[in-house]
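Listed in TrEMBL:
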- 1-45: repeat 'Solcar' (REPEAT)
- 53-138: repeat 'Solcar' (REPEAT)
- 147-237: repeat 'Solcar' (REPEAT)
Amino acid sequence: MVHALVRICREEGLKALYSGIAPAMLRQASYGTIKIGTYQSLKRMFVERPEDETLMINVLCGVLSGVISSSIANPTDVLKIRMQAQGSVIQGGMMGNFIQIYQKEGTKGLWKGVSLTAQRAAIVVGVELPVYDLIKKHIIMSGFMGDTVYTHFLSSFACGLAGALASNPVDVVRTRMMNQRSQHGGHSSYKGTLDCLLQTWKNEGFFALYKGFWPNWLRLGPWNIIFFLTYEQLKKLDA
């Protein structure tokens, strides 16, 4: 991972590490906003006071908000992947790419891969947000620390780690499903998602499902810390 990072910087420059940042920001802004807004709204539908929340309620709300937000924001995910794969952006930037996808593939093209994306989001959000709430709640109730930036940091660090642990097997399976090549007579390598999971575990061992874990955690960890620290400070401004 470090070797790849150094090589990219040496051969393509530091700017290459931020290739495709504009569509990534668009995707995260839409997906993240819908995700956290839906999660908080769903929780208030089940319980009125934060003190009455349970782990099961929060997990359910997390799963539902993950599915809803990823499904709505899927066009931005398709746009991000296409633009990053191109290497160079076509004339018109993000809007030009968006229009091109719509003209060539229609509405269906903008929601390509939505099923796998929603499955992953359900697992990630169903773990990350409840873990954050649970850790934060127990730290405050224990009297160890109050509702401070340090509590938010520890809670977000834990939820980033939990999210990486939960999502990595899904990412491995999704990548293999997307990259599988037709074999003998046009048959696919895997019958489906579950078959891919079981074959990977059987042929390569359990830890094959955690290939690429460190890069995954190094992405999810800092993102969650920055997000929740910012989110909590913005909540105080609105209080």
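Every residue number used here counts from 1 along the chain in the order it is shown.
Just so you know, glycine gets a Cβ as well, placed from its N, Cα and C.
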Using DSSP three-state counts, the residues of the repeat 'Solcar' (1-45) come to 41 helix, 0 strand, 4 coil
Taking DSSP helix as H, G and I and strand as E and B, the repeat 'Solcar' (53-138) has 74 helix, 0 strand, 12 coil
